[in-house]
Amino acid sequence: MPELPEVETTRRKIEPLLRGKTIERIVHDAPHRYRNTERAHGRQVRGLTRRGKYLLLHLAAADAAEDEPHDLELIVHLGMTGGFRLEEGPHTRVTFELGSGEKLYFNDPRRFGKVVAVAPGDYASMPTLAAMGPEPLSDDFTEAEFVALAARCGPVKPWLLSQKPVSGVGNIYADESLWHARLHPAQTRLNADEAGRLYRAIREVMAAAVDKGGSSLGNGVGNYRQHDGEGGGFQHSHHVYGRAGQPCDRCGTPIEKIVLGQRGTHFCPVCQPLRTDRSA
């Protein structure tokens with residue numbers, strides 16, 4: 001699933017293609033998954049922002065003054081395999097027809113992606129978006145608050161994946177951050193030192209992943225690529241994710257893979273020992 005670095009890279013790549021353009025029509029094949037998109041017809045794209053793993057297209061009437069705020073948001077969630085392309089393909093689910101005559105295609109082989117038009121800030125229909133925590137690279141994500149929350153957390157990796165303590169961290173970047181912080185993925189109730197290490201690791205890993213355009217894990221049709229076919233580069237910096245059985249880059253112990261919270265989870269059993277409460 002595309003996580004924050006992949007979605008942020010997508011935003012940066014497609015914003016120049018859409019900003020200032022009018023959406024003439026949105027054509028799709030599943031009204032239950034792509035909801036209220038007709039509300040975007042005839043509206044101009046003012047800009048694109050991102051919240052966690054969600055893209056938000058800011059739309060306004062085509063004749064609205066430049067200083068008028070946008071009055072509609074088109075929320076795009078890439079799901080497991082969604083992404084934008086410049087050419088239609090067998091997995092195209094949504095077509096954005098622009099007033100310029102150009103088209104942008106949303107491809108999604110596994111059909112978990114969503115496109116929903118809402119009033120600005122009206123995220124009641126998307127509870128994960130409405131309740132998610134601060135952006136990991138923003139000033140709103142503070143070490144003091146994170147340490148306080150982590151002191152009473154359950155198993156730390158599922159806690160991160162809930163999006164409540166911090167937004168945009170998924171399977172890949174949770175595993176990588178926990179390796180950098182030397183924390184077992186099932187560790188509970190982090191002490192201040194552990195939580196501080198994890199806080200700093202999240203910021204460092206996410207910044208590096210954004211800088212390298214995210215992670216591309218293969219060449220299959222569902223693997224992450226940008227609209228121009230370019231992949232990410234952070235997969236070459238993975239220390240644990242996808243490396244089960246390979247030696248840890250820090251100590252040489254084979255990386256293990258377990259299932260935790262129904263998610264495949266990679267860690268080093270030596271560098272990331274599970275602490276007992278007695279050793280807190």
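Just so you know, glycine gets a Cβ as well, placed from its N, Cα and C.
Quick look at what Swiss-Prot annotates:
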type	residues	note
ACT_SITE	PRO2	active site, schiff-base intermediate with DNA
ACT_SITE	GLU3	active site, proton donor
ACT_SITE	LYS53	active site, proton donor
ACT_SITE	ARG263	active site, proton donor
BINDING	HIS91, ARG110, ARG152	DNA binding site
ZN_FING	239-273	zinc finger
Spatially, which candidate from the recorded positions LYS53, HIS91, ARG152, ARG263 is nearest to PRO2 (active site, schiff-base intermediate with DNA), comparing Cα atoms?
LYS53
Take every residue in the zinc finger (239-273), average their pLDDT values, and give the whole-number result.
98
Could you check the recorded positions LYS53, HIS91, ARG110, ARG152, ARG263 and say which one's CB has the fewest neighbouring CB atoms inside 10 Å?
ARG152
By DSSP, how many residues in the zinc finger (239-273) are helix, how many strand, and how many coil?
0 helix, 12 strand, 23 coil
Out of HIS91, ARG110, ARG152, point to the one nearest ARG263 (active site, proton donor) in space (Cα versus Cα); all of them are binding-site residues in the record.
ARG110
Among PRO2, GLU3 [active-site residues], residue with fewest other Cβ within 10 Å:
GLU3
Check HIS91 (DNA binding site) against DSSP and tell me helix, strand or coil, would you?
coil
Distance in Å spanning the most remote Cα pair of HIS91, ARG110, ARG152, given for DNA:
43
At the Cα level, what's the spacing in Å between GLU3 (active site, proton donor) and LYS53 (active site, proton donor), rounded?
6
Reported as an integer number of Å, what is the Cα distance between ARG110 (DNA binding site) and LYS53 (active site, proton donor)?
17
